[in-house]
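**Q** Before anything else, here's the structure in question.
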Amino acid sequence: NGSSITQFLLLAFADTQELQLLHFWHFLGIYLAALLGNGFIITAIACDNRLHTPMYFFLLNLSLLDLGSISTIVPKSMVNSLWETRAISYSGCAVQVFCFLFFISAEYCLLTVIAYDRYIAICKRLHYGTLLGSRACAKMAAAAWGSGFLNAVLHTANTFSIPLCQGNAVDQFFCEIPQILKLSCSDSYLREVGLLVVSLSVALRCFVFIVLSYLQIFRAVLRVPSEQGRHKAFSTCLPHLAVISMFASTAVVAYLKPPSISSPSLDLLVTVLYSVVHPAVNPLIYSMRNKELKHAI
């Protein structure tokens, strides 16, 4: 049935050309900030031998995922604003859904891995080199990327196999599964809803793992006798906690908020925060209190 729809119409940020151009310049600034910030981190970690440790290896992967996620949606939105169009092809929409899901899912898995890395570094310091050797780190990073790929394949294939009979106007500035499901025929979306429930249960388990890891970390840090040692341990965890909090809170509001508080402007704001602002802000968060990374950059 997808062959009957050749393109989708994305949500426009404004009706006038002046406001569309304003949106273009705003997104261009955020996109350039994301490219520069993540690019600096990737280059610094790759070129500085002192940063060839598990923590920075995972941070390099996180920056790659941030670059991928923001590059999936922002350039197309900028082009549409510049040319005053809303169209995206059917295949382009499917690719956008797949790529965004792939990068976002892999990033969430990688944030879980980073929580494990911090737990081992603080609670099992003497076993850090054994438990997190180069081979183990490569396997965990590959598992995060592979999990994201599998999740993206399942959801994309399932979503675009559903008959669509409610038009082709997507109520978002990029192709997003909940908005595409609104275009489906009655009851035909239940299979995808079931798959979303399974994915949410896996995401909840990852979140519980992160919370339990940090409970153990805080207990271990509070037992450190010196104030300087406690400060150093907390400073290595704060950037990760900030990223997790921002990512989780905006995603929960975007997908799990009750319909009674839902509004188009709120939906758009929250989506921009977790899909556009989040990848651009991450490099700033990770480098703000990190002297080693600042020096390398």
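Using N, Cα and C of the backbone, Cβ positions are placed for all residues, glycine too.
Keep in mind that what you see is a predicted model, and the values were worked out from it rather than measured.
Among the features that TrEMBL reports, domain 'G-protein coupled receptors family 1 profile' is placed at 37-286. Here TrEMBL flags 24-47, 54-74, 94-116, 136-154, 193-215, 236-256, 268-286 as transmembrane segment.
In the displayed structure, how are the listed features positioned relative to their neighbours?
**A** Below 8 angstroms of C-beta separation, residues 27, 30-31, 34-35, 38-39, 41-42, 45-46, 96, 99-100, 102-104, 106-107, 110-111, 113-114, 117-118, 121, 128, 132, 137, 140-141, 144-145, 148, 173-174, 236, 275-276, 278-280, 282-283, 286, 293 of the same chain, each at least six residues beyond the ends of the transmembrane segment (54-74), sit close to that stretch.
Here the transmembrane segment (136-154) has long-range neighbours at 54, 57-58, 61, 65, 97-99, 101-107, 109-110, 112-113, 116, 195, 199, meaning same-chain residues at least 6 beyond its ends whose C-beta is under 8 angstroms from one of its own.
Away from its own ends, the transmembrane segment (268-286) comes close to residues 11, 27, 30-31, 33-34, 37-38, 40-41, 59, 62-63, 66-67, 69-70, 73-74, 100, 104, 172-174, 176, 239, 242-243, 246-247, 250-251, 253-254, 293 of its chain (Cβ-Cβ under 8 Å, at least six residues beyond either end).
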**Q** Taking 24-47, 94-116, 193-215 as candidates, which has the most Cβ pairs under 8 Å with the transmembrane segment (236-256)?
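**A** It is 94-116 that shares the most Cβ pairs under 8 Å with the transmembrane segment (236-256).
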